[in-house]
Ligand SMILES: O=C[C@H](O)COP(=O)(O)O
């Protein structure tokens, strides 16, 4: 398999803003270099440009809107995310849900702009629906475990396995990530052993006193 992918979503945690975002990005860059894992970050929109220009790690937007340039106010234009240096974008995160029609339109816009797409889902049925849209990744995250400190890998490995099977049945070219409560190398290994190519996570790294140590542990068993 390709190098495992660890995507750290900084969300709107205070700990992921400003100089802390730089600290997390620097830690990700160091651990990625050491380990060979691909470690990306999804910072606040205002930090896409500084992160993508200061660090040699892939940077992702947390969301895009399915709009084209023109008269829209308060939206996230996919072209703007692209020119800020993003490699790709999350779409339909559990904390920023969209209709299926909007998810499809976002995937299409991103594809046109050569932005990688990570469509988040909450169960195996939505994972299958997302796979039909041909994103680069489907990220399965049971909402009740997000930010809970309880790892999906340990609490509900079945949802990972069912989602991997559902996605493969629809489109084997779509990669699967898993997330919710991921916090250790053991969590990541379970997810990878179940057929995913990596993890989407936030709190265990963003809120850590020593993000570099947590990242090092996350990739330690791969
Ligand atoms: O985008 C990340 C996920 O929602 C997981 O968040 P968490 O690692 O804090 O559970």
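Every residue number used here counts from 1 along the chain in the order it is shown.
From the backbone N, Cα and C atoms, a Cβ is placed for every residue, glycine too.
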Which of 158, 181, 185 shares the substrate site with 9, 10, 11, 146, 202, 203 per Swiss-Prot?
181
Would you mind checking how many other C-beta atoms are within 10 angstroms of the C-beta on residue 202 (substrate binding site)?
23
Fill in the CA-CA distance, residue 9 (substrate binding site) to residue 141 (active site, proton acceptor), as an integer in Å.
13
